[in-house]
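Q: The structure that follows is given in the form of structure tokens.
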């Protein structure tokens, strides 16, 4: 194919396209031949026809050039008179609008079908109205608060019951755990309740001797 | 009259509490770094030697003191000698500093845990820029994991001077972290004893799962081979030995008073020698186990990045020379490069500066420690695994268990002396004291949720405990051996446990360990003095990397205050006791 006016490859209205078919499809990669080029030209013409002032664009107005093994090539869109090329801005916005359709026609995506100098619109990440982390945080926060409240309340109730049940006990008693510690076969509790006046560490004789 | 002291439900709870306390984040994020820096497999030699010579004796000493004196750190040292209760006070002060900043790590763990329930993981993709044509600038320059850490989690300011305000998200997480700690310590040993079953064992489950996953990852063997290949010449490097000693010392959590507090709830006849050996061996084995996991993850990450780099080079060459797609692979890259260089020399020289030299070695060499390892490197590896949400949840759950376990020990170190004190415990019930301690710590901890909070965190992390602990443990060892008397302590232990004290422990306590600690102390002191002004790493958003800056004067003042406030307790309290005794006895005898 030859360019009209002898416009060189660096014409500002021409765009380079690069396809990475093998990267995208692996074993199912198709061969890039003239039929695929025809489809491409059709897709570009389709995109241009969607622009309000360019409904008359035909496939023959899209010209490809310099197809390499890569696969990469340059393309340019001319106006119906075949004298001028359409301005780059128009082509750019047309391609951007229909990028998804063009990609799908070739089973490729924005990365494997690149239009150099035509930036693609990136999909925004999903943004739920309430961030998920706040929900998880709220759940765990509530569980912890409830568990803490339960423990504190049960501790207060336990202490009040102790106070009611055994008045006159030393305050320190309430802060000990309920596990009755056993040393030398004597539970430790009785060792403390007498306020230190009686030392139960010394057994009375009849308790030491086994009863007959 | 002796009030009944709360006790552990069974000796296993005590062992689990010690393990849960000793096995903490340092095992996961400090030991692998040291292993990598100081010769891989050969680092294990100084490590194990220091464990036997320094770790086990000092651990046994603290447990024995706690079990014998049956009081928290302040009471225990006061019993040994009234002039030395300052050691206990210093321990409480250091524990207070530690709990202030340590729980912030748990807050960050919660933050990441809550964010793991999203698809895709928020640190795996960069957010888009304003007009949605590309990615956010800062994120492009750094990486998405670094961006999420520095911008989304910390919202870090460029320097420590710019304070910023309190960020509500980390503040919420910190509040939750303290609530969780309060829930666990609320009822004293009754609740702590049950919680430590989980905090001690669950991390091992997760580590085991990660070990299996890590070893099956692509490229894991690269990391393992790299790590365990011994570099014997590092054995001659004194820094390796010093770091081994330091790691053992701090990893076991000596000097904070937590071990004394835990042991004080033991039955007097408990065989704490056996427990000391068990805990120290488990602690060190966990470090080695965690570093196997870490290095398989490193290997995976490095291989992934290396292959990415290769792919980028391949893409660059394919695009520049319009080669056929799929023609260039990693295996023929070099020969094709030579071919292109000879066939198209001018074009090749244009492209050449952009071709990065991809090297697996340099990827493996990036040694990271601390929060950087946990929150940046690991998350980078996790985002590339399949079902990354599951792995992320597991990982941060493990970090939380480790952190919570250590927090239980820290708060026990603060609470036990407070609840032992008759003055305080007569006014307030145990729940109220714990609540007050948690509240005060949480309020002060809000400092670390400000924009410059991470810089203050680093200050506390590096300076609050290091020198003070060395001094505290040194004074402890000397106090037990020479002030209280080694023979007296030996006979106490014999009466208490029924076993005779092995000559090995006596030799270590009396000579070797104090000498080692003095050596470490001198080394650190001279290191601080020689480096002159202290510097820190600040995040530069415009460049997307860390830069080194000097601390401003007021930050240096805070550092000095941190170190002084704990170390000065020892002489000040001794002086105070001395003066008080003189006033009491000398008041009647002499005219001042």
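Each residue, glycine too, has its Cβ placed from N, Cα and C.
According to TrEMBL, the Na(+) binding site annotation covers B:22, B:23, B:27, B:251, B:283, B:402, B:406. Sequence annotations record features per position, and here TrEMBL assigns transmembrane segment to B:12-31, B:43-61, B:82-102, B:168-186, B:195-220, B:240-265, B:277-298, B:393-415, B:436-457, B:463-486, B:507-526, B:554-575.
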Q: Given pairs 6 or more apart, does the transmembrane segment (B:507-526) have at least three Cβ pairs under 8 Å with the transmembrane segment (B:393-415)?
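A: Between the transmembrane segment (B:507-526) and the transmembrane segment (B:393-415), contact is absent.
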Q: Is it true that the transmembrane segment (B:12-31) and the transmembrane segment (B:195-220) have 3 or more Cβ pairs under 8 Å, skipping pairs fewer than 6 apart in sequence?
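A: In contact, yes.
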Q: Quick one: do the transmembrane segment (B:168-186) and the transmembrane segment (B:393-415) reach 3+ CB pairs under 8 Å, ignoring pairs fewer than 6 apart in sequence?
A: yes
Q: Sort out the residues at least 6 away from either end of the transmembrane segment (B:463-486), same chain, that have Cβ-Cβ distances under 8 Å to it, and list them.
A: 58, 61-62, 65, 77, 80-81, 84, 87, 90-91, 93-94, 97-98, 101, 249-250, 254-256, 506, 509-510, 513-514, 517-518, 520-521, 524-525, 528, 559, 562-563, 566-567, 570
Q: In the same chain, which residues outside the set B:22, B:23, B:27, B:251, B:283, B:402, B:406 have their CB within 8 A of the centroid of the CB atoms that define the Na(+) site?
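A: What remains near the Cβ centre is B:19, B:21, B:24, B:25, B:26, B:252, B:253, B:286, B:287, B:405.
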Q: Could you check whether the transmembrane segment (B:277-298) packs against the transmembrane segment (B:82-102) - three or more CB pairs closer than 8 Å, residues at least 6 apart in sequence?
A: no
Q: Is residue B:406 (Na(+) binding site) helix, strand or coil when read with DSSP?
A: helix
Q: If you count the other Cβ atoms within 10 Å of each Cβ, which of the binding-site residues B:27, B:251, B:283, B:406 comes out on top?
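A: Highest number of other Cβ atoms within 10 Å: B:406.
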Q: Identify, among the binding-site residues B:22, B:23, B:402, the residue whose Cβ has the fewest other Cβ atoms within 10 Å in this structure.
A: B:22
Q: Between the stretches B:43-61, B:195-220, B:240-265, which one has more Cβ pairs under 8 Å with the transmembrane segment (B:82-102) than any other?
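A: Answer, by Cβ pair count: B:240-265.
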Q: Under 8 Å for C-beta pairs, could you tell me which stretch among B:195-220, B:240-265, B:393-415, B:554-575 has the largest tally with the transmembrane segment (B:43-61)?
A: B:240-265
Q: Among B:195-220, B:393-415, B:554-575, which stretch has the highest count of C-beta pairs below 8 Å with the transmembrane segment (B:240-265)?
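A: Between the candidates B:195-220, B:393-415, B:554-575, the best contact partner of the transmembrane segment (B:240-265) is B:393-415.
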Q: For residue B:283 (Na(+) binding site), which of the three DSSP-derived states applies: helix, strand, or coil?
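A: Reduced to three states, the DSSP call for residue B:283 (Na(+) binding site) is helix.
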